[in-house]
Ligand code: G6P
């Protein structure tokens, strides 16, 4: 008998897991999954149990023959897997709260994937993902790694540069969130909308947007001046763009552009909320408590709508549509993080970019962009340099490289402040940064 499809989900105890399970249930006809292995670490054991049992109830309710396995043994889960999805958070939400709080004390934005927070999340995560890819080489060499773990762009860059696997795709819900948001703005079904995406993760532009094949870019750009319409994710409040700016930019922005083109206002807001309702991590911690209480209810057998209050909405749509297209060699177009291979002229060919791709059984084939508009090009290159140097620091444990990465980040005002922040954050995250507290390792 042919072996059924096996998926290993690392970080399986995440509150987002019901999203993923819902996605597999919805697309079962196209993607007949037979084994779902949810893996977590010892500290996540309780959450894994709770969310894993909900996953089992959801599958039972759907009447599907998918076996759900819960384990703390990553190697057992990876053995002969066809797809490995990663959604883990090293240090949990406590670490995220530090990433968001510490920089603010120095007058620098605290955010989980941008500036100092992005750097430190990368420093904690990259060694772990490289451990996973090593295990994959041995235990499931033909599997695809679908990485959702943030900072997804930097993590994909690190896997492309420092691992021996090339079947990796980085995925984010921002592009799909933009498609959904724009469909809502125009009051049409989202299947009629197509956006030409180009840039980097959390730094992606829509170079054009079509409704039934006809460009509606001007109309959409006009709407982006309205604060109500300028963010498409729950975790970032839109502030609306100055019409003169957004019209001259002549491209759609993603929600994370707020941090770069409205740095002052976003910093002020971060300072304010750190004193009032708490940072986003702290808000999410409260939300998670509620979610896990709901998940415990033995009568619950669907994804609860409260999960949609999280920034990762549509995560399962993005993940499962990608996996389904690889499996079925669909050759449809989806925005993912993959090796540039010349699609964007001003980014190194071997670097990770977030770009519209044709999804085949051999992976994503990026659509040629040519180049980014001149107004966007410099910032994208700068962020790519930040990601690259951060990834190098994560692998080597080179402190100076970490200082360099943070200093060149556009959200950091000086090398001195970069160093001060790094010193405090290194200490705060010491338990998850062994590479900086042991002997230097060399890049392979
Ligand atoms: C966005 C991003 C994700 C991120 C999420 C955070 O949508 O694209 O990369 O993980 O928000 O949401 P949260 O609810 O945890 O703040």
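Note that the numbers count up from 1, one per residue, in the order the chain is shown.
Note that Cβ sites are derived from N, Cα and C of the backbone, with glycine treated the same way.
Sequence annotations record features per position, and here TrEMBL assigns substrate binding site to 96, 150. Annotation comment: TrEMBL describes 112 as site 'Increases basicity of active site Tyr'. TrEMBL lists 172, 202 with the feature Mn(2+) binding site. Annotated domain 'Glycosyl hydrolase family 4 C-terminal' per TrEMBL: 197-412, in sequence order.
Feature map: annotations from TrEMBL on the structure.
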residue: 96; record: substrate binding site; Cβ contacts under 8 Å, 6 or more apart: 89, 112, 117, 121, 280, 281, 284
residue: 150; record: substrate binding site; Cβ contacts under 8 Å, 6 or more apart: 112, 113, 118, 121, 125
residue: 172; record: Mn(2+) binding site; Cβ contacts under 8 Å, 6 or more apart: 148, 152, 201, 202, 318, 337, 354
In sequence order, those recorded positions of 96, 112, 150, 172 whose CB lies under 6 Å from ligand 1: 150, 172
Reduced DSSP assignment, residue 112 (site 'Increases basicity of active site Tyr'): coil
Model confidence over the domain 'Glycosyl hydrolase family 4 C-terminal' (197-412) (mean pLDDT, whole number): 95
Residue 172 (Mn(2+) binding site) - helix vs strand vs coil (DSSP): coil
Helix, strand or coil at residue 96 (substrate binding site) [DSSP, three-state]: helix
Cβ atoms near residue 112 (site 'Increases basicity of active site Tyr') (within 10 Å, other residues, all chains): 25
